[in-house]
Amino acid sequence: KEKKPAEGRKHQNMKNDIKASQGQWGRAWEVDWFSLASILFLLMFAPLIVYYFIMSCAQYQCSLTDPLLDLLMGNKHLSDIWNSTPTLTYRAAVIYTLWVTFQVVLYLFIPDFCHKFLPGYVGGVQEGAVTPAGVVNKYEINGLQAWIITHVLWFASTSCFHFFSPTIIFDNWIPLLWCANILGYAVSTFAMIKGYFFPTNAKDCKFTGNFFYDYMMGIEFNPRIGKWFDFKLFFNGRPGIVAWTLINLSFAAKQQELYGQVTNSMILVNVLQGIYVLDFFWNEAWYLKTIDICHDHFGWYLGWGDCVWLPYLYTLQGLYLVYHPVQLSTAHAIGILILGLLGYYIFRMTNHQKDLFRRTNGNCRIWGKKPEYIECSYTSVDGTKYYSKLMTSGFWGWARHFNYTGDLAGSLAYCLACGFEHILPYFYIIYMTILLTHRCLRDEHRCSSKYGKDWKRYTAAVPYRLLPGIF
């Protein structure tokens with residue numbers, strides 16, 4: 001919806017203005033038939049997709065077609081596949097409960113100390129962006145600290161004290177999947193109930209009246225328990241992303257156990273994805289200004305997605321390499337490493353340029369020159385008018401989401417490390433391409449509503465979304 005032009009007033013309190021400004025943030029107020037169909041499809045099939053990928057590796061050496069062929073040709077029934085799938089075990093339940101509890105303790109009870117001795121790192125108490133209701137939440141940024149403590153204890157427990165095998169995650173991979181699903185559905189359901197009966201901020205809630213849409217996309221913008229436990233920050237960053245590197249290390253340990261060596265492809269996956277994870281935690285304060293925190297409400301999409309989809313499908317390359325060890329030629333490995341590092345460089349420098357531009361309000365230098373930008377304005381739910389600037393130089397002059405371009409280059413590198421024998425490890429680049437393209441469109445629809453005519457001026461200055469000259 002287009003904003004009313006400024007008329008010299010700072011506050012606009014009419015209900016129509018409030019609803020218009022609320023529509024500039026977050027998920028939709030109303031649900032069309034296509035959105036509802038998409039929601040129902042994901043709710044029904046996303047858990048099955050995760051199960052199918054993991055099952056295909058456990059029972060069919062990572063072939064995505066063989067299970068279907070077995071079923072179609074009558075060689076097996078669904079019950080045969082299901083009966084061959086490991087069930088939830090007491091051991092897995094204990095491991096997962098201890099894991100999540102430990103991450104909650106690290107998140108809530110150990111204030112960040114890394115920012116006191118790591119130059120350039122921003123941690124400790126930080127402010128998030130303004131919410132639709134005009135609230136500015138505070139966060140305890142301590143993800144890097146949690147990652148370091150977790151991994152130090154992991155190496156000590158597996159290598160020094162031998163409390164458990166480093167293959168423990170792989171050995172319990174499917175039973176842990178059931179635990180992750182239980183937590184994902186539990187937290188998503190609790191978030192919906194909380195949004196109805198005891199929201200953190202009622203003005204930051206959205207209700208469509210459609211149960212399925214509200215359940216998946218969330219009602220509350222920033223559901224919290226107490227002062228510091230923020231659902232979005234915790235589940236987006238912990239426990240799934242902290243676990244990402246541990247999962248890959250467990251896969252590497254299993255490869256060593258089975259074949260007597262860790263292949264260079266497995267090392268590449270561990271290194272490149274490890275860089276990505278460390279970058280996330282090093283820049284966790286910056287993450288507070290991204291679309292996940294600034295616009296997404298907390299529902300099944302984030303709750304279940306962060307518990308199940310992220311740790312199970314983002315690690316498919318390492319899982320694949322356990323079943324199909326690939327030793328790359330030196331030239332191939334170097335090429336993949338260069339692609340991965342180049343993608344990371346573009347991703348990080350593009351985000352750094354935007355962050356520097358925001359922090360200095362445009363009083364900085366990008367590529368040795370003063371940045372170019374377009375001035376724009378928007379109105380919050382309480383009627384307050386805000387002013388903003390959209391940069392049109394540096395990487396942001398090449399494309400409106402060039403950080404996603406770097407992200408996709410890095411994602412492709414992970415997949416290429418697995419060779420070309422199976423399509424399964426390439427799911428990640430296919431999924432990320434769909435996800436980031438859709439995110440581009442969502443973000444631009446939101447910005448168009450938020451900035452109105454100013455957004456048209458911006459897209460005229462920077463005409464491409466992801467690939468300069470192409471898209």
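Quick reminder: no glycine exception, Cβ is built from N, Cα and C everywhere.
Nobody curates TrEMBL annotations by hand; they come from automatic prediction.
Same-chain residues lying 6 or more positions outside the transmembrane segment (33-54) and placing a CB less than 8 Å from one of its CB atoms are 64, 67, 85, 173-174, 177, 181, 210, 212-213, 215-217, 300, 304, 308-309, 312-313, 316, 319, 424, 427. Residues or ranges marked as transmembrane segment by TrEMBL: 33-54 (among others).
The transmembrane segment annotation in TrEMBL covers 88-110 (among others).
The transmembrane segment feature in TrEMBL is assigned to 144-164 (among others). If one looks beyond the transmembrane segment (144-164) by at least 6 residues along the same chain, the residues whose Cβ comes under 8 Å of a Cβ in the stretch are 102-103, 106-107, 110, 112-114, 118, 121, 123, 238, 242, 245-246, 249, 253, 277-278, 281-282, 284.
The transmembrane segment annotation in TrEMBL covers 176-197 (among others).
For the transmembrane segment (298-316), same-chain residues at least 6 beyond its ends with a Cβ under 8 Å from one of its own Cβ atoms are 43, 46-47, 49-50, 53-54, 177, 180-181, 183-185, 187-188, 191-192, 214-223, 231-232, 235-236, 239-241, 243-244, 247-248, 251, 273, 292, 424-425, 427-428, 431. Per TrEMBL, the feature transmembrane segment maps to 298-316 (among others).
Here TrEMBL flags 328-347 (among others) as transmembrane segment.
Per TrEMBL, the feature transmembrane segment maps to 411-436 (among others).
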